[in-house]
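Per TrEMBL, the features are:
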DOMAIN    B:139-442  domain 'NADH:quinone oxidoreductase/Mrp antiporter transmembrane'
SIGNAL    B:1-19  signal peptide
TRANSMEM  B:31-51  transmembrane segment
TRANSMEM  B:78-103  transmembrane segment
TRANSMEM  B:123-149  transmembrane segment
TRANSMEM  B:186-206  transmembrane segment
TRANSMEM  B:234-255  transmembrane segment
TRANSMEM  B:267-291  transmembrane segment
TRANSMEM  B:297-319  transmembrane segment
TRANSMEM  B:326-345  transmembrane segment
TRANSMEM  B:357-375  transmembrane segment
TRANSMEM  B:395-417  transmembrane segment
TRANSMEM  B:432-452  transmembrane segment
TRANSMEM  B:472-491  transmembrane segment
Amino acid sequence: MENLIALLIAAPLLGAAVLLCGGRRLDAVGHWLGTLLAGLSFVLGVVLFTDMLGKAAGQRAVTQHLFSWIPVAGFQADVTFRLDQLSMTFVLLITGVGSLIHLYSVGYMEHDERRRRFFGYLNLFLAAMLLLVLADNYLLLYVGWEGVGLASYLLIGFWQHKPSAATAAKKAFLVNRVGDMGLSIAIMLMFTTFGTFAFVPVLHSADSAGEGKLTAIGLMLLLAACGKSAQVPLQSWLGDAMEGPTPVSALIHAATMVTAGVYLIVRSGAIFNAAPDAQLVVTVVGAVTLLFGAIVGCAKDDIKKALAGSTMSQIGYMVLAAGLGPIGYIFAIMHLVTHGFFKAGLFLGAGSVMHGMNDEVDMRRYGGLRTYMPVTFVTFGLGYLAIIGFPGLSGFFSKDKIIEAAFAKGGAEGWILGGAALLGAAITAYYMTRVMIMTFFGEKRWQPDEQGNEPHPHESPGVMTIPMIVLAVGSVFAGGFFSIGDRFVHWLEPVTGHAEGNSPVSAMTVTVATLVLLVVGAGIAYAQYGRRPVLAVAPRGSLLTRAARRDLLQDDFNHVVLVRGGEHLTRSLVYVDHTLVDGVVNGTAASVGGLSGRLRRLQNGFARSYAVSMFGGAAVLVALTLLMRAV
Amino acid sequence: MSFPLLTATAALPAVGALATAAVPAARRTTAKWLALTVSLATFVLAAVIAVRFEPGGARYQLTESHAWIKDFGVRYELGVDGIAVALVALTALLIPFVILAGWHDADPMETGSRRWRPTQGFFALILAVEAMVILSFEATDVFVFYIFFEAMLIPMYFLIGGFGDRAHEHGEKAASTQRSYAAVKFLLYNLAGGLIMLAAVIGLYVQAGNFSLPEIVQARASGSLHMATSTERWLFLGFFFAFAVKAPLWPLHTWLPNAMGEATAPVAVLITAVVDKVGTFAMLRFCLQLFPEASKWATPVILVLALISIIYGALLAVGQRDIKRLVAYASISHFGFIILGIFAMTSQGQSGATLYMVNHGISTAALMLVAGFLISRRGSRLIADYGGVQKVAPVLAGTFLIGSLATLSLPGLAPFVSEFLVLVGTFTRHPAIGIIATLGIVLAALYTLVLYQRTMTGPVKAEVAEMPDLRVRELLVVAPLIALLIFLGVYPKPVADIVNPAVRQTMSDVHQTDPQPKVEAAK
């Protein structure tokens, strides 16, 4: 059965190769081929899942060794896959949501002349993401890690003729590369410490490595996670990544790829467990990002950018949970899965709205769409209720657990982290209610575009609404399903370990506090956007609002320090290389043999310069040969 | 006596060069086909070498030895270890692509014009370079190596100075001036390096009494040949200087951007992917084996210079406005990695450096040749003259992107394997240097992706709107290179298996063992 693991990856990889090299002949069927292969991968995943369920909890991990990849002396990297409960969870999420989004894209990209290529990239993404979660060692994981980065680059920049899309794609790749440096260094540290970077030996002997080494490895892994999962301080690329087609935002920049950082931390749990300082930094990054993303999400008028802020914030919750250690790992993953449902659903809903609104993204030009797009309204609405943590829906269960676990960390840290998580819940309710009201309620505010085309909002075709409905069902029921009898905890416990924390506040208090804050947040949004008409042009706003619109000035900082500073540096280096280095070397030679002067004189004519220099060279050679004979 | 396979592999392109040069002026196409056929046949011979070579066997295999200049103990001695096998194969592999890519680079300037352009000469010179490069990889006699190491400058000089790009933004006369400046600079830099090396070669002879690499190494190991510390260091520096110019290592690199910028793209590939590799190869073979103690003595300085090359080359690549000069500075950065790997003195570093030489050859060839196809279409090397090419020539843009991704060492493509090995091999001994070198991966992404963005994306510039996509000949050049990049990225084991034993030998020559992990990992 474990021989099927490689096929999971091979199916979408084959799709990518065929679609990208196949040429125009495949234009007519390419999208269906891509969707079929994504679906095949999902079916294989389900087969492996049922097989896994038939085994005892401790015996569920299986491996498939394909071949020796890089063998050099003590350095041994293999292409080996490992399927355990953690990777199984991801396989189902990736292929399940992935297949749905392939299906949705058939409709969404219908009028794009490069649709075949789009599906090729989507298939490439699936293959890379599956490789990431199925690798049994960190170096192979790295291949998937950068593979998803490549797919993300290609898909953000899919509409390359738009300079903004091309810039956003490049930015995403570059910021991720900074994170990749962290992953590289972490692997090098593992190799010098353990002589290997395969999961099982590294994680099993982590305890004996010493806290200093493990803290260093942990922090480097965190750097990698910050890049991929858009966590502060490497978060700046995610908002721009919304330049990509909306199905891409749903699949890659909400449900799967951006959560890879959480996977990395949870997978490396044994390292973090023995490095409390690294864990503390992880929780701080998570808490800061969950507030940062939420604040940004409040200020955006672009529906996709508001959702992107929200994604950042929700992943902040997951990272916070992952930093709490065994009391949080499982809830980090549980929130990751429920978030995969509702956030993918929300993005597909946003795409459906844009589809019916001539690609308008400004929520100030929406309004009252609930009557025009009933299915989109209902599915988006269920996703909305799930993300704000409405009792009984998916987000309620997973987020509540994270807030509880944060308090359970204990001491001042517990209070601060728990407080941040609670505050985040209130802001989440605020910005999501704002999105909901601005889009689906109130007066219609759309206007003709520059060409004079007035949008005619309409419901999207079935190929798009079916995936939305399926995801909405998941948004409603997944959390409850996982929580009954602590199913999810028992499922993952053999891989990640689990511990119950001692929270200074009771679970009931947390739940009540969360609900009160939810009502407060949603209430403020209703007061601001529901009771008053939404202005067509955003008011100037407070200093914080203006900063939040500009992603809390991160880009301005980057521009001044990195971009401008870098430009000055490279420009002066070009000058230095041309005058100083070249000059000094030529000058040194000149003082010895008149090289520089000869160089300048010899520019005049090709034949002459050749003759002189060759004659000079030959003469020296002859002289030396004669000298040798004399010795 | 068995068939002299090594001699044949070098003699075939040498004879081919003469034959190509002798083709009558009117039969231009015949000369091209002849050169291509010879280069393919050479590749077959190189493949036979690789197949007959036994990785676990003797250090030098397929050896040939004949007396040559008896007075000085110069012997015509050839032999290959795993490192040489890999590089001979790389050379023989790339030359057919260089020839095919440069198919029209030496055509007459205007159709119907009678103006002389030495088509035959162009292809004959390429084959001559191939012959000499292969011989310098194969020579185990220091003097024989020296002769070919120097002699290859002559055909290279003509290739750089005689054949530039078709169009030039400042007109043909300016181009001709810049071209001859670049060619002379190339020649003088390398000649200066070579002359210093010659002094060291003579010095070595005075010490050892012969030129045979295996004999000298053996004598030094057994203690029968003792060298004073200062003598060894001076000789080491003499050799190293020549190789550092050729490689090139900062601050001796400034000839490379000139040469690669002015030469046609296939010749630029010949310089950076083939000829320069002789420099790094010779560091590994001659510097480390002949002068192990001096090599260790010089290591700190060389590591720092290599590190400067990596960062400095990458930063300068970011600042370039000329596509070909950008690739040249990127190569300087990559040569920094290779030298870093060699002098890290670990198995991973040195195996990585050798794989790096092979992979860099292939990836630079892919990127530079596609860049050449692009430049020939628009008649400009300036990045700013392009924009939106992706829309009109998607296949060209796609292959250019893959070449760029290989240059930034994307995992899954061949250069990643070697770059990571170099980094990890450096890190185990010198963590700080390893970490700073890792910055290079961010900078590489910056210069390649900015190049791609500016040339290929955005609105279509009017001047490129009519640009045709890749032709069949061009696709035949690029597709196999890309296939190789993917294959060696996924399955580098065959090359690693050939290289590893040779590296093990070199490590023992310099009396080095790999640092051991601190923790015994569980199974």
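Any Cβ shown, glycine's included, is placed from N, Cα and C.
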Let me spell it out: take the transmembrane segment (B:78-103), skip the flanking residues so only those 6+ beyond its ends count, and list any with a Cβ under 8 Å from a Cβ in it.
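Long-range Cβ neighbours of the transmembrane segment (B:78-103): 6-7, 9, 13, 32, 35-36, 39-40, 42-43, 45-47, 49-50, 53, 55, 59-65, 122-123, 126-127, 130, 133-135, 137-140, 144, 214, 264-267, 269-270, 273-274, 277, 281, 284-285, 354-355, 357-358, 361-362, 365, 369, 372-373, 473-474, 476-477, 480-481, 484, 495, 498-503, 505-506.
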Counting Cβ pairs under 8 Å that sit 6 or more residues apart, are there three or more between the transmembrane segment (B:297-319) and the transmembrane segment (B:472-491)?
no
Any contact between the transmembrane segment (B:326-345) and the transmembrane segment (B:123-149)? By contact I mean 3+ C-beta pairs closer than 8 Å, pairs at least 6 apart along the chain.
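When sequence-distant Cβ pairs are counted, the transmembrane segment (B:123-149) does not touch the transmembrane segment (B:326-345), since fewer than 3 lie under 8 Å.
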Check the transmembrane segment (B:267-291) against each of B:123-149, B:395-417, B:432-452, B:472-491 and return whichever range has the most CB pairs under 8 Å.
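Counting Cβ pairs under 8 Å, the winner is B:123-149.
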